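Taking it in order: structure first as structure tokens, then the write-up.
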Amino acid sequence: MKKIGVLTSGGDSPGMNATIRAVVRRGIYMGLDIYGIYYGFSGLINGNIEKLEIGSVGDIIHRGGTILHTSRSEEFKTEMGQQKGFDNLKELGIEGLIVIGGDGSFKGAEKLSQMGLPVIGVPGTIDNDIPETEMSIGFDTALNTVIEAIDRIRDTATSHERIFVIEVMGRDCGNLALWSGLAGGAESVLIPEIDYDMEKVIERLKHGYKRGKKHSIIIVAEGVKPGAEIGKEIKERAGLDNRVTVLGHVQRGGTPTAYDRMLGSRLGAKAVDLLVAGESDKMIGMRDYKLVPVQFKDVFSKIEEPDYDIYELSQSLSI
């Protein structure tokens, strides 16, 4: 194998640039030519591909986002789009591909693998919702961003003696809400995987006030329902005044933490090593801090479950 391509797809996450840097430098170190594919699978179809040098990835390890840009491609879901992308790679003599993204990106990667192109997936999403890996690139940074926001909001919640509902990302997976709820000392955490009882949420708030609490923080994952609806429900049912903050896309941006830089660097280098070793149709997962290749089919056959121990712990510590 002499030429490898790399792309980022789907939602961006802090640490992707560290991964790209590792792919390029590890590849060049091993005597390979590395090609960057811009704008994800859309760029693959449109031929937005160029050779990357060591200098192409200088001064990016500390930057959020992705220098290769990203997108979601409906065209690549079609056989014609997949063939077009495959042909563009073959025309340039690219013999392997590294795809950085989430499960949707890996489904696109698997299609190319089935067409005969060696492909390795690297998990990158702030949702940390990919099965068969304990951590995905960007989750730690997003978690710290949410914690910083909680700390700041708690200051004003204390000053005004008020309830704040904070909506965080997590359409189908509540890991970001769950972990930030525990680390941020939230009074209640609502996630998509566990049905909530508003009466119990209100009871917990009132119990806190009886003990002398002057403010409360409720973390809600966007997949439960909009934070504004939760706030309205609390007001209508219990007459408790509250404010709602939607953190939105601020959770995706910003300087990656040391952890995400390390994780991205390790995963990127490992992806190159696997391609050179003849591996394909796999994602690199992490278990007990060790990197483990996992077949795409095993990733797709499972649903990421929340850590119920963390949920129980969060509940018990927020009394």
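Keep in mind that glycine also has a Cβ here, set from the backbone N, Cα and C atoms.
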Listed by Swiss-Prot with Arg72, Ser73, Gly102, Asp103, Gly104, Ser105 as binding ATP, from among Gly5, Gly11, Gly170, is Gly11
Taking Swiss-Prot at its word that Arg21, Ala22, Val23, Val24, Arg25, Gly185, Ala186, Glu187, Arg211, Lys213, Lys214, His215 bind ADP, choose the one of Arg152, Arg154, Arg243, Arg252 listed for that site. Arg154
Thr125, Ile126, Asp127, Arg162, Met169, Gly170, Arg171, Glu222, Arg243, His249, Val250, Gln251, Arg252 bind substrate per the record; greatest CA separation between any two, in Å, is 33
Round to the nearest Å and give the CA-to-CA distance linking Ser73 (ATP binding site) with Arg171 (substrate binding site). 20
Sort out for me which one of Arg21, Arg25, Arg72, Lys213, His215 has the most neighbouring CB atoms within 10 A, since those are the binding-site residues we care about. Arg21
About how far apart, in whole Å, are the alpha carbons (Cα) of Ser105 (ATP binding site) and Thr125 (substrate binding site)? 11
Proximal residue to Met169 (substrate binding site) among recorded positions Arg21, Gly104, Asp127, Gly185 (C-alpha distance): Asp127
Could you check which of the binding-site residues Asp103, Gly104, Val250 is the closest Cα neighbour of Glu187 (ADP binding site)? Val250
One residue among the binding-site residues Met169, Val250 has the fewest other C-beta atoms within 10 A of its C-beta, namely Val250
